[in-house]
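The next block holds one structure in the form of structure tokens; read it before the comments.
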């Protein structure tokens, strides 16, 4: 009886003991994550960054506001695309190409949804027997069906308009935040007094808005136009969010504002080139793209590695021994730099095609991953080789997505 009573008591007490144990484990993980030796130089603690004497310091809790702000960005974007980008598209005569729809065919549709959008030759022959169509008719059906799923020109124009507007405003705001600061001209001052560097309201809002925007890009990437560098875009957005978040709570704010402004300096040029491309303004698009390419190469392959990265890798070691946060930050910067090299390679390929006069196709990311090379059959027997015209020019795919 005593054993039975003891067993009953043990079973009743176990659930109540789980909660404190879980709380203790979470507290241990929390303490390890926020261990000062990970994120701060030696002999410094989080207590050194507590607000005092009218000086305000960055805190990790400040970042909570970015998630509701990201949702607000998505709402603003919806109304912007509806009431600003759509009328602007009509003003610039952005029109859709006529697309032939694939005739209903349950057999081919089932394979398209379950087996793949690009059937192999053996699969084409099998589908031909199952559907009673010739092999050429099956291939034509899949080509038309893929074209149906391609994003519309208006959708791409709306997205480019939204990003152009944000990046332009962000670049102007970023320059306003940093242009009067001494570390904008002398990068050694980025680390002067680090990490005991108080923040000002303009830095706070610049950080919160930039981080919120990148959260919104990550939230919407699945529904946005799927580009050739889809995977690289996800890596970029995640790395950027981590970098901005870390640089805030570890008080790398001076370096962070420089990096964000540098990235915004070319993005609005890219998006404006896209907008004119979708409108069929070939010469305007090409000229803006050339300017974008020059700015991108200078900022991402010259200024960023030889000024900014030199500032974050070399100068801190003159003040304190390297610590985990130092390696973490510069590792994330290395990831971004590798992406910049990848995108620069594609941009240079585009520039080579401009110079040699070859047909310009997308070399960065605006070629849809679902259907990147096949032409659409135009009414009237033009066939796949027909090219749609806009404003008297062939619609070129001079679109490239960076991201940052």
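Every residue gets a Cβ built from N, Cα and C, even glycine.
Per TrEMBL, these features apply:
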TRANSMEM  62-80  transmembrane segment
DOMAIN    91-152  domain 'Homeobox'
DNA_BIND  93-153  DNA-binding region
DOMAIN    155-356  domain 'TLC'
TRANSMEM  164-184  transmembrane segment
TRANSMEM  204-222  transmembrane segment
TRANSMEM  234-253  transmembrane segment
TRANSMEM  288-308  transmembrane segment
TRANSMEM  328-348  transmembrane segment
REGION    361-404  region 'Disordered'
COMPBIAS  368-377  compositional bias 'Acidic residues'
For the domain 'Homeobox' (91-152), the averaged pLDDT of the predicted model is 82
Residues in the domain 'Homeobox' (91-152) per DSSP class, helix first, strand next, coil last, are 36 helix, 0 strand, 26 coil
Contact set of the transmembrane segment (204-222) with the rest of its chain, CB cutoff 8 A exclusive, min separation 6+ beyond the ends, reads 58, 62-63, 65-67, 69-74, 77, 166, 170, 173-174, 177, 230, 233-234, 237-238, 240-241, 244-245, 248, 253, 256-257, 260, 403
With the cut-off at Cβ under 8 Å and a gap of six or more residues from its ends, the chain residues touching the transmembrane segment (328-348) are 229, 232, 235-236, 239-240, 242-243, 246-247, 250, 252, 259, 293, 296-297, 300-301, 304-305, 308-309, 312-313, 363-364, 400, 402, 404
With the cut-off at Cβ under 8 Å and a gap of six or more residues from its ends, the chain residues touching the transmembrane segment (288-308) are 187, 255, 258-259, 262-263, 265-266, 269-270, 272-273, 276, 333, 337, 340-341, 343-344, 347-348, 350-351, 354, 398, 400, 402
